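Chemist: So TrEMBL says this about it:
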DOMAIN    7-138  domain 'EamA'
DOMAIN    160-289  domain 'EamA'
TRANSMEM  7-26  transmembrane segment
TRANSMEM  38-56  transmembrane segment
TRANSMEM  68-88  transmembrane segment
TRANSMEM  94-115  transmembrane segment
TRANSMEM  122-142  transmembrane segment
TRANSMEM  162-180  transmembrane segment
TRANSMEM  192-210  transmembrane segment
TRANSMEM  222-239  transmembrane segment
TRANSMEM  251-270  transmembrane segment
TRANSMEM  276-294  transmembrane segment
Amino acid sequence: STACPGLGLFYTVLSAFLFSVASLFLKKIEDVHSVEVSAFRCVFQMAFVLPGLIYYKTGFLGPKGKRIFLFFRGFLGSSAMILLYYAFQVMPLADATVITFSSPVFTSLLAWIFLKERYSIWDLLFTLFAITGVVLIARPPFLFGSNVTGIEGSYTDHLKGTIAAITSTVSGASTFVILRKVGKSVHYFLSIWYYAVIGLIGCVIALFVMNEWRLPYCGKDRVLLILIGLLGLGGQIFLTKALQIEKAGPVAIMKTMDVVFAFILQILFLNHLPTWWTVGGALCVVASSTGTAIRKWRQSLKKAKQNEI
């Protein structure tokens, strides 16, 4: 629909806002392990997608040749979510959010390795930029000495959170590559369905192994759990809508609003002022993901022009 030009970008900002509020609530939950929160989120997604699968008659397993891809998409996507939720719980909100923004850089790297897509000197430059940003946020002691300021809790937690966030980002980038490989041949609902089902199974197994399963004690945590489920779902729906009506490049650029919202919410509601390191790291990462997006966008415009001729 060209009726409303900025609609896709508006949806992107809305989705960024919903995701940021969900991660803020995640920080506010006291007694629930991040894996349990992820399990709840998966249940919400299943409940939402189930009627869609029945309505579109897609079946529950998808086309035979694509099942292995769908399985990995589900496995990597849900691992990315669980790791990210863990990172949100143990490190500052803005720090974790910024690290996930190095995703486009990993996506182009993985697309180059697995899909033989082009990887130029620009891509390399953006990758180095993103890595610099992540290092500024992680502030590893072998570079910055041992007294690191402006982190929540212990440095060990900060480091664990950083590793979780980076692993989550690489997993997330891999799911993008898989989705590209599968292309339009698989209904979007099926890919969410796999993500939710495999995620739920993985979470339940993990909770049993860690012996962390418990119903939230207080009403507040229960309400927050439901809200995280709803906000996460809303964020996903709006992001998907945005990508359906708008080119991926502009959407990726607008998604950097995630970082802005994370900083604002962290300052307003968590009373945690970001350090200059984090701000510097954020600028590097955002510059890199925006640069990657603009390049991809310009390439696709050039391709479209060539196809017209």
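Cβ from N, Cα, C; glycine included.
Walk me through where these features lie, including what they touch and how far apart they are.
Modeler: Nonlocal intrachain contacts for the transmembrane segment (68-88), taken as residues 6+ away from its ends with a CB within less than 8 angstroms of a stretch CB, comprise 23, 26-27, 34-35, 37-38, 41-42, 62, 96, 99-100, 160-162, 164-165, 167-169, 171-172, 174-175, 178-179, 181-182, 186, 190-191, 194-200, 202-203, 206.
Away from its own ends, the transmembrane segment (122-142) comes close to residues 95, 98-99, 101-102, 104-105, 108-109, 112, 148, 151, 155, 158-159, 162, 166, 277-278, 280-289, 291-292, 295 of its chain (Cβ-Cβ under 8 Å, at least six residues beyond either end).
Residues 69, 72-73, 76-77, 79-84, 86-87, 90-91, 95-96, 99-100, 102-104, 106-107, 109-111, 114-115, 134, 137-138, 191 of the same chain sit 6 or more residues outside the transmembrane segment (162-180) yet have a Cβ under 8 Å from a Cβ within it.
Long-range contacts of the transmembrane segment (222-239) within its own chain (CB-CB distance under 8 A, at least 6 residues past either end) are made by residues 11-12, 14-16, 18-19, 21-22, 25-26, 28-29, 32, 37, 40-41, 43-45, 48, 192, 216, 251, 255.
Within its own chain, the transmembrane segment (276-294) has Cβ neighbours under 8 Å at 92, 94-95, 98-99, 101-105, 108, 122-123, 125-127, 129-130, 132-137, 139, 150, 248-250, 252-253, 256, 259, 263, counting only residues six or more beyond its boundaries.
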Chemist: Looking only at the domain 'EamA' (7-138), report the model's average pLDDT.
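Modeler: Mean pLDDT for the domain 'EamA' (7-138): 87.
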Chemist: Where else in the chain does the transmembrane segment (7-26) make close Cβ contacts, counting only residues six or more beyond its ends and a cut-off under 8 Å?
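Modeler: Residues 1, 34, 37, 85, 88-89, 93, 96-97, 224, 227-228, 231-232, 234-239, 241-246, 250-251, 254-255, 257-258, 261-262, 265-266, 269-270.
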Chemist: Using a Cβ cut-off under 8 Å, which residues of the same chain at least 6 positions beyond either end of the transmembrane segment (38-56) come close to it?
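Modeler: Contacts of the transmembrane segment (38-56) (Cβ under 8 Å, skipping residues fewer than 6 from its ends): 78, 81-82, 85, 187, 189-190, 192-193, 195-197, 199-200, 203-204, 207, 225-226, 228-230, 232-233, 236.
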Chemist: Going by DSSP assignments with H, G and I as helix and E and B as strand, what are the residue counts for the domain 'EamA' (160-289)?
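Modeler: The composition, in the requested order, is 110 helix, 0 strand, 20 coil.
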